[in-house]
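Visitor: According to Swiss-Prot, the protein has these features:
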BINDING   251, 252, 365, 366, 367, 368, 369, 402  substrate binding site
BINDING   251, 252, 289  Mn(2+) binding site
BINDING   256, 289  S-adenosyl-L-methionine binding site
MOD_RES   2  N-acetylalanine
MOD_RES   4  phosphoserine
MOD_RES   40  N6-acetyllysine
MOTIF     399-402  motif 'Subfamily III RTxK motif'
């Protein structure tokens, strides 16, 4: 097997990784500090003087973190007592072991980008955890909820579209296929709403995405939806398969999560799947990633919406969860810095859970980076090989491109894109639905 290429890293000056560590991450830390400042009176009302002291302590820890990052200090071990602390510190040791004699310690602008960026979010969590009684405060909650409220028009249009299709069982097979393709594309473009890319600024969806699909089609660089349809429609017709399980590894809350829930509802209603398992994060992560609280909050707010299409969908989704047809899982592995190819060793229980799926949909850029090991693969390198042996079940990456990493393109395709749009890899303007089928 050929040697794997180098990791993406901020040591490549001018690269997207470099600009993220230099500009976007300090901006996110500043926003987190501002959020804590703004909630000072709320902390006082809830916890008295203790709340004020906790806010000061958290801000002090976060300011120290920002300074370490901006001055390229060595990465230090975590000191909290969480379930994953020892795994993080072991991984830091592993990063240290990869360095050559003159390299010094793992540092922000030198070590793999995936490691240091994940580490920053884990340190934010540590700062809050070390500041009781505000230790369960989600510093990103506000911006996630804002994204949902600002996207109401698009959410209403999408829910109305879904309800018009019901009962889905009454549709002809070609109609089901057509809608399946449509809702996969909506889930793809919903991935544009990423608050970590915008430094935590508003990134809501205000246009009716259904009307834009035709115009957006040329921006899908790899479209394996036919293969997904072939897999699920075949399973549906296989009498020996009474259970068809689809897992969705979630990315962003807000509008993107709604697009995932609408897709899941359609899969269930059309009997392309009999159960859906959602996987989210166990701690606040990368600004807008879904936690269990976000998942339940969205379903609850959909259900209590004064817009009929939204409340109908919300009630429906709550019923699916109550019946056990939909299940939400989280696992500490999703917020570790490890590439997914080591999941069987690091989190064998999670890998075994994913092996129960007939199809896994991995949403978003961070999942793609972890699937690919965040390495500088050639653009034409095969997707299956870049997965480095990770294959719990047939899987598909659904992401808009927000980092300098993409495999499986046709020869000449990347060069053509670079000539017409030099920033095609990082703006979220282009997307992929990239499938790795049954072995």
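Keep in mind that glycine also has a Cβ here, set from the backbone N, Cα and C atoms.
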Visitor: Anything within 10 Å of residue 252 (substrate binding site)? Look among the recorded positions 4, 40, 289, comparing CA atoms, and list what you find.
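Guide: 289, listed in sequence order.
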Visitor: In the motif 'Subfamily III RTxK motif' (399-402), how many residues does DSSP assign to helix, to strand and to coil?
Guide: 0 helix, 2 strand, 2 coil
Visitor: Which of the three DSSP states, helix, strand or coil, fits residue 289 (Mn(2+) binding site)?
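Guide: Reduced to three states, the DSSP call for residue 289 (Mn(2+) binding site) is strand.
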Visitor: Sorry to bug you, but what's the C-alpha spacing from residue 40 (N6-acetyllysine) to residue 251 (substrate binding site), rounded to the closest Å?
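Guide: Spelling it out, the Cα of residue 251 (substrate binding site) and the Cα of residue 40 (N6-acetyllysine) are 30 Å apart.
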Visitor: What are the sequence-distant neighbours of residue 289 (Mn(2+) binding site), meaning same chain, six or more residues apart, C-beta distance under 8 angstroms?
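Guide: The answer is 250, 251, 252, 253, 280, 281, 366.
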Visitor: In DSSP terms, helix, strand or coil for residue 252 (substrate binding site)?
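Guide: DSSP assigns residue 252 (substrate binding site) to strand.
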Visitor: For residue 368 (substrate binding site), which residues in the same chain are close in space, meaning a Cβ under 8 Å from its Cβ, but six or more apart along the sequence?
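Guide: Correct list: 362, 397, 399, 403, 405.
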Visitor: Give the distance between the Cα atoms of residue 40 (N6-acetyllysine) and residue 4 (phosphoserine), rounded to the nearest whole Å.
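Guide: Here the two Cα atoms lie 48 Å apart.
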Visitor: Going by DSSP, is residue 4 (phosphoserine) part of a helix, a strand, or coil?
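Guide: Note: residue 4 (phosphoserine) is coil by DSSP, not helix or strand.
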Visitor: Neighbour count, 10 Å Cβ-Cβ cut-off, for residue 367 (substrate binding site): what number do you get?
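Guide: Neighbour count, Cβ to Cβ under the 10 Å cut-off: 22.
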Visitor: Within 10 Å of the Cβ of the residue listed as 'N6-acetyllysine', how many other Cβ atoms are there?
Guide: 14
Visitor: For residue 366 (substrate binding site), what is the tally of other C-beta atoms lying within 10 angstroms of its C-beta?
Guide: 25
Visitor: By CA distance, which of the binding-site residues (256, 369, 402) lies nearest to residue 4 (phosphoserine)?
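Guide: Result for residue 4 (phosphoserine): the nearest of the binding-site residues is 369.
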